[in-house]
Amino acid sequence: MAISHGYIELADSLSSCKVLVVGAGGIGCELLKNLVLTGFKNIEVIDLDTIDVSNLNRQFLFQKKHVGKSKAQVAKESALQFCPSANITAYHDSIMNDVFFFFLTEYKTPFVPVAARNHVNRMCLAADIPLIESGTAGYLGQVTVIKKGMTECYECQPKPTQKTFPGCTIRNTPSEPIHCIVWAKYLFNQLFGEEDADQEVSPDTADPEAAWKPEDTAARATASEKDGDIKRVSTKDWARSTGFDAVKLFNKLFKDDIMYLLTMDKLWKKRKAPTPLDWQQLEDSARPQEETPGSGLKDQQVLGVWGYCQLFQHSVETLSSHLQEKGEGAELVWDKDDPPAMDFVTAAANLRMHIFSMNMKSRFDVKSMAGNIIPAIATTNAVIAGLIVLEGLKILAGEVETCRTIFLNKCPNLRKKLLVPCVLDPPSANCYVCASKPEVTVKFNVHKTTVLALQDRILKERFGMVAPDVQIEDGKGTILISSEEGETEANNHKFLSDFGIRNGSRLQVDDFLQDYTLLVNVLHTEELEHDVEFEVVGEAPDKAPTPPSNQEEANSITNGNKDSAQPSTSSKAEDDSDDVMIVDSDEEEAASSATAKPAPSSGTKRKHSDAETGETSTKRPRTTQQSSAAADNDDDDDIIALD
């Protein structure tokens, strides 16, 4: 059989090229296995996480004996069993470590199946290295290639920010179960974890909607002097003073604080007022059958009020014991896979739901919402990992122009295809990362914004920088922020106006670790909404695409399911068969026969004609739940949410 010269060259490239896999989670494990079986010989894998028992159902390079060990190291050892001759280097480290920028210039292709994508995106742009980015969410998946100057970078398109709720809603007027679950997680931290002023759980007396008379509070909130009287002190200090007495905590949180809320008259003019709970009354009226387990799986049962009271008491006793064992000044970290922590949040959230007249939820439901869990499906990870390698082979063959963004849908489209390739879009001229001269305008009050807030809240948190250096364009070259430790710390708590920064000022920001420069135009304002520190103006990805109208939303539902919004297909018919494996399915007849129309465009995506059907459809935008470099070490940290 004749072997083409191109095939031999590709085989040589596989054995000589150097690739980096960022993340050894669900996709990372499948990918590492695929790489060594395909013939890649020089692989480096980095992951800061350790193996948890909850990883074992889908991260198949790990076994029970590996729990607690480094994901990267164990993944390396397991992958070598498939190909002992491969050269795999494992790093139990963070990709944010500055040494990896210098390593990155040596790689041929980095594969990134985890968060911290913004940082890796910028490093790849700086080193001019192709990046293959991927993610899965349940049955949905995506793979795309990012190449400097040719395609959109990861930050070209808007990403919706993680949904947050006003503090007064969480503390005073919850109306949905998620509000109560967030409150319960805040309460865990206030009692057992790291206290955060932004996670206060006591009634918010500064609620702008509340019209009440403080002088009437004492008379109307009949708090017990013995069992949790309402004193505006640290929740943790108060709890410690009671010895973490579960009954006293209960009466403070679910009786006294609720009665305090009832004194805020205006809150309850158009809402149903909450109903306080009293431990003694509940105990006296408790029915024996409430303690009898119901049918079905334990985690899917919804207990009665007294059942959750008992669960609250037991979890408080267990957690306080764990805290005491750790010693003075110790803190616990909430983990959805820690039974006592999960019991506490389940009990506290459900008791609050009952108080505010909501239907209570099972432990399973609470865990899903509290942990922001997107179901991880092993077969989805396997499909996506295979597609990553196919795109990588195109790059090594020098055929980057044939690479595609490929979407894995939940249901077959009208052509009975689950895998849909899309032409890669060119860079956005308005991107504040990959544009030739990145520039952005930020609106804030220069008299109230400190240098530290500029550094942490705007540059690091909002714009994803790691070690920014800031110089004021004032003709003097004034250094406002230096990444060198100790050089400008004295500036931290000064206001920007103290340095002559005003409306129209320009700040030159450089991040050496990302080889990234950004020009920030200052727009001074004193009219920001309450609790809003700053706003990004213009085309920077501050806001998600405008949501469609009701009719548009109905039209965008593919196969009768919002989860499978129709992405575009390539303008070339042959791409569908040449670039990817097409999966046909006749199993979901009702779904596949539903009428589908293309999803509405945000105005920034090119539309491509479908060569077979003649229809025009639009690429589904990539979105993430949390793309900050400081993403938490969730066991599903390699999962991103798709529309």
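Positions of Cβ are set from backbone N, Cα and C atoms, glycine also.
Since this is a predicted model, take the numbers as computed values, not measurements.
Cross-referencing 135-165, 197-227 with TrEMBL places the feature region 'Disordered' at 197-227. Cα of Lys159 (SUMO1 cross-link) to Cα of Lys410 (SUMO1 cross-link): a distance of 21 Å. Lys159 (SUMO1 cross-link) is surrounded by 22 other CB atoms, counting those within 10 A of its CB over all protein chains shown.
In terms of DSSP secondary structure, the domain 'Ubiquitin/SUMO-activating enzyme ubiquitin-like' (442-529) contains 22 helix, 29 strand, 37 coil.
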